[in-house]
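*Asks:* One structure is given below, represented as structure tokens, and several questions about it will come after.
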Amino acid sequence: MTESTIKVALLGAGTVGSQVAKALTEDSEELSRRIGAVPELIGIAVRSLDAERDYQADPGLYTTDAETLIDGADVVIELTGGMEPARTRILRALEQGKHVVSGNKALLAAHGAELHRAAAENGAQLSYEAAVAGAIPILRPLRDSLAGDRVTRVLGIMNGTTNFMLDAMDSTGAQFDDALTEAQNLGYAEADPTADVDGLDAAAKAAIVASLAFHSEFTIDDVHCQGIRDITADDVAAAAEDGYVIKLLSVCELDGDGVNIRVNPTLIPRSHPLASVRDAYNAVFVESRDAGELMFYGPGAGGAPTASAVLGDFVSLARRSVLGGPGVPDSSYAGLKATSLSNVVSRYTVGLRVRDKLGVLAAIANVFAEHGVSIQTMHQTKHREKEDVEGDHATIRIVTHKTSDESLRSTIDELSSLTTVYDVTSVIQVEG
Ligand SMILES: NC(=O)c1ccc[n+]([C@@H]2O[C@H](COP(=O)([O-])OP(=O)(O)OC[C@H]3O[C@@H](n4cnc5c(N)ncnc54)[C@H](O)[C@@H]3O)[C@@H](O)[C@H]2O)c1
Ligand SMILES: N[C@@H](CCO)C(=O)O
Ligand code: NA
């Protein structure tokens with residue numbers, strides 16, 4: 001019996017694309033057995049034919065003509081990143097009924113609805129497990145395994161770069177910029193790492209997760225997002241002193257008739273399971289009505305781990321294609337809307353640099369009280385030599401009881417206007 005072939009076009013040969021090219025080349029026989037057809041890598045679209053790559057495939061496979069490559073394929077694997085030309089190329093493939101695997105969370109979080117529609121209209125499959133939490137299977141569990149349950153909340157660490165950086169700052173006292181450079185060298189960061197640092201990568205993932213978990217359409221614009229750019233070595237050290245680590249947390253939860261989706265740095269007690277998520281690992285908790293609490297943990301970034309998720313999608317859709325089945329479109333029947341932060345309550349830690357004189361603490365405590373924000377602990381952590389301010393000054397750290405985002409914001413606004421407060425050095429949520 002002659003086996004059929006599945007023609008694969010790979011777009012991009014960077015950190016992840018190289019590893020996918022390697023697996024498609026070296027594991028072809030094993031993949032054939034799993035699929036029931038022979039995967040044939042027919043070409044790799046690149047920007048430059050003679051760039052250095054982590055894996056060098058057959059030189060004849062590289063091409064700068066992505067469109068012709070797509071037109072001759074059965075399956076297109078997009079690993080170039082960014083909006084264009086990735087969007088146009090994926091649409092071109094889907095409109096011809098070709099199946100697509102992508103790891104492009106930025107694109108999915110901006111144009112997911114359009115891509116899903118194109119897939120459904122043309123009987124094509126669109127899979128993107130690699131887009132969220134790297135190697136960790138999280139999208140397939142949300143789409144398939146939990147399809148009969150009701151998810152109420154998803155939260156976790158969904159960006160490897162910032163987790164790597166915060167972990168390095170916590171465990172070795174590394175500086176922000178050095179930790180970022182190392183994360184880039186290890187292949188964790190996006191081509192433009194500001195997407196990682198400013199929380200946009202985690203926000204894109206949160207929008208994708210929320211869409212699948214709550215059967216609705218969310219984009220990155222629905223996510224309240226704060227990155228880690230303002231987190232200093234002092235913040236990390238102060239958190240450590242109090243028994244906390246700082247993590248960039250993503251939360252998607254039912255909020256009345258809608259869904260609240262947010263990303264922000266958060267203090268986590270060292271005893272909390274999320275505190276032990278180190279390096280570029282990710283962890284995602286899913287809470288649902290019937291299953292209760294589920295935890296997914298593993299490598300959230302990096303070439304080979306992410307290639308694992310890409311190949312999982314590829315084998316899965318290729319097998320379905322061999323069996324003759326159409327794709328299973330994502331459902332967005334629920335149509336839930338994103339909510340504002342007004343109902344979100346949390347504890348916060350607030351760092352202040354103040355003039356060190358009689359009555360300052362009382363004045364600060366009074367501002368919190370006026371806005372109905374209850375203080376749990378308040379201490380003067382350090383005296384510093386004067387640098388940019390006149391006279392003695394002190395660093396104050398306050399931890400609040402649970403309060404609304406709105407009350408906290410108005411408290412911070414008023415504190416900032418006090419002449420005795422030089423600056424508000426940090427405002428970070430506290431979990432647990
Ligand atoms: N690196 C990771 O850990 C990781 C994890 C999950 C998802 N992703 C996603 O996977 C995708 C690829 O990530 P990466 O880390 O491999 O990025 P990368 O920057 O290492 O590789 C992208 C490659 O695509 C090439 N490219 C860009 N535009 C192109 C075009 N128009 N035509 C042909 N080639 C083009 C670039 O030259 C580069 O070689 C991105 O969408 C990224 O968000 C990456
Ligand atoms: N830049 C991303 C890659 C994985 O999606 C991260 O650091 O998590
Ligand atoms: Na994943």
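Placed from the backbone N, Cα and C atoms, the Cβ positions cover glycine too.
Keep in mind that what you see is a predicted model, and the values were worked out from it rather than measured.
Annotated NADP(+) binding site per TrEMBL: LEU11, GLY12, ALA13, GLY14, THR15, VAL16, GLY17, SER18, in sequence order. Taken from TrEMBL, the feature NADPH binding site covers LYS105. Among the features that TrEMBL reports, L-homoserine binding site is placed at GLU190. Taken from TrEMBL, the feature active site, proton donor covers LYS205. Feature annotation from TrEMBL assigns domain 'ACT' to 349-429.
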*Asks:* If I take every residue in the domain 'ACT' (349-429) and average their pLDDT values, what number comes out?
*Replies:* 88
*Asks:* So which other residues, same chain and not among LEU11, GLY12, ALA13, GLY14, THR15, VAL16, GLY17, SER18, have a Cβ within 8 Å of the centroid of the Cβ atoms at the NADP(+) site?
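*Replies:* So the extra residues in range turn out to be LEU10, GLN19, VAL20, ALA21, LEU79, THR80.
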*Asks:* Report the nearest neighbour of ALA13 (NADP(+) binding site) in space among the recorded positions LYS105, GLU190, LYS205, comparing Cα positions.
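*Replies:* Its closest listed neighbour, by Cα, is GLU190.
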*Asks:* Give me the count of other Cβ atoms within 10 A of the Cβ belonging to SER18 (NADP(+) binding site).
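*Replies:* A count of 23.
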*Asks:* Which residues of the same chain, at least 6 positions away in sequence, have a Cβ lying under 8 Å from the Cβ of LEU11 (NADP(+) binding site)?
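*Replies:* Listed in sequence order: GLY17, ILE44, ALA45, ALA66, LEU69, ILE70, VAL76, ILE77, GLU78, LEU79, THR80, ALA86, ARG89.
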*Asks:* Which one of these binding-site residues has the most other Cβ atoms within 10 Å of its own Cβ: GLY12, GLY14, GLY17?
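*Replies:* Comparing the binding-site residues GLY12, GLY14, GLY17, the most crowded Cβ belongs to GLY17.
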*Asks:* Cβ under 6 Å from ligand 1: which of the recorded positions GLY14, VAL16, SER18, LYS205 qualify?
*Replies:* GLY14, VAL16
*Asks:* Quick check for the class: what is the C-alpha distance, in angstrom and rounded, between the residue listed as 'active site, proton donor' and LYS105 (NADPH binding site)?
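*Replies:* Rounded to a whole number, the Cα-Cα distance is 6 Å.
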*Asks:* Through the lens of DSSP with three states only, how would you label VAL16 (NADP(+) binding site)?
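*Replies:* It is helical.
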*Asks:* Using CB under 6 Å from any atom of ligand 2, narrow the recorded positions GLY12, GLY17, SER18, GLU190, LYS205 to the ones that qualify.
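*Replies:* The recorded positions passing the 6 Å Cβ test are GLU190.
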*Asks:* Long-range neighbours only, meaning 6 or more apart in sequence with Cβ under 8 Å: which ones does GLU190 (L-homoserine binding site) have?
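*Replies:* GLU190 (L-homoserine binding site) has long-range Cβ partners GLY81, ALA106, THR161, ASP196, ASP201.
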*Asks:* Please report how many Å separate the Cα atom of GLY14 (NADP(+) binding site) from that of LYS105 (NADPH binding site), as a whole number.
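*Replies:* So the alpha carbons of GLY14 (NADP(+) binding site) and LYS105 (NADPH binding site) sit roughly 16 Å from each other.
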*Asks:* When the domain 'ACT' (349-429) is classified with DSSP, how many of its residues are helical, how many are strand and how many are coil?
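*Replies:* Within the domain 'ACT' (349-429) the tally stands at 24 helix, 36 strand, 21 coil.
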*Asks:* List the Cα distance (Å, whole number) between VAL16 (NADP(+) binding site) and LYS105 (NADPH binding site).
*Replies:* 14
